[in-house]
Amino acid sequence: MALNRIPLVAGNWKMNFDHREATYFVQKLAWLLRDAKFDHKRCEVALFPSFTSIRSVQVLVEADHLRIRYGAQSVSVTSQGAFTGDVSADMLAHLGCSYVIVGHSERRKYHPEDDANIVDQVRAVLAAGMQPILCVGESFEERRQGIELDFAVGQVNDVTRDLSDEEASKLIVAYEPVWAIGTGMVATPQSAQDAARAIRDHMQAQFGAATAQSVRILYGGSVTSHNAVQLITQPDVDGFLIGGASLDPEELALIARLTVKTAR
């Protein structure tokens, strides 16, 4: 992790917690961070609740002047109209969202969202003044074939080839190998670094060194407090996109604290 990039610890709740449970979680997390004298200037903490809980999180964050950020797990590519079930980027921005997750492997698999749709989501998020967190990563079969780096970089390129330099500088990339999501298996620190380095090299070749060095690259996939330190010490890993461990406020707070401590 480079000193000029502020690490981001992001908790993706997926389809967990109703609005009351979300409120309790945020209160507990805020208390834990406050009690630990957590330095939010040295590390951003962000939560990604379900659509139905975003407003509750917003009210609490604003009322208590919390430093915790929040975002959405997906977004529509359209701004308004007859699109049943969709939520637009402007709607999310009006709820105070800072980030939107785009291209998560579960969205690619179950909905499904293709490359063209993901590009449109990124553009919609950027146009609404938020930052997209673009998820990329290989399956176990692609890793077995030894093409994991080419695959992840290819997914990034599918998006970045259509972006301007200014748009690219606002992108956050989360490297999440599909085989590590929710399985308990985790990439080795060196594997995470190799992927992050390959993504950054791609960004530099396409947009120049300044943009490449400013883009944050996260690791996701069975992150816990037991492996966070080894991962965050890698020079091109700038934080985490956390699934299961983010459902425990004490575990999430500990990962955030370890990230700050290691970054010193």
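Cβ from N, Cα, C; glycine included.
The feature substrate binding site is assigned by TrEMBL to N12, W13, K14, G182, S222, G243, G244. In the three-state DSSP scheme, W13 (substrate binding site) is classed as coil. Taking a C-beta cut-off of under 8 angstroms and a sequence separation of 6 or more, W13 (substrate binding site) has the following same-chain neighbours: A22, L47, F48, P49, S50, Q73, S246, L247.
Marked as active site, electrophile by TrEMBL: H104. Sequence-distant neighbours of H104 (active site, electrophile) (same chain, 6+ apart, CB under 8 A from its CB) are N12, Q73, S74, C135, E176.
Under the three-state DSSP scheme, E176 (active site, proton acceptor) falls in the coil class. All protein chains considered, the CB of E176 (active site, proton acceptor) has 29 other CB atoms within 10 Å. Sequence annotations record features per position, and here TrEMBL assigns active site, proton acceptor to E176.
Under the DSSP three-state reduction, G244 (substrate binding site) is assigned to helix. When Cβ atoms from all protein chains are considered, those within 10 Å of S222 (substrate binding site) total 21, not counting its own.
In this structure the residues listed as binding substrate are N12, W13, K14, G182, S222, G243, G244; their two most distant Cα atoms lie 14 Å apart. The Cβ of G243 (substrate binding site) lies under 8 Å from the Cβ of N12, K14, I181, G182, G220, V223, each of these being in the same chain and 6 or more residues away along the sequence.
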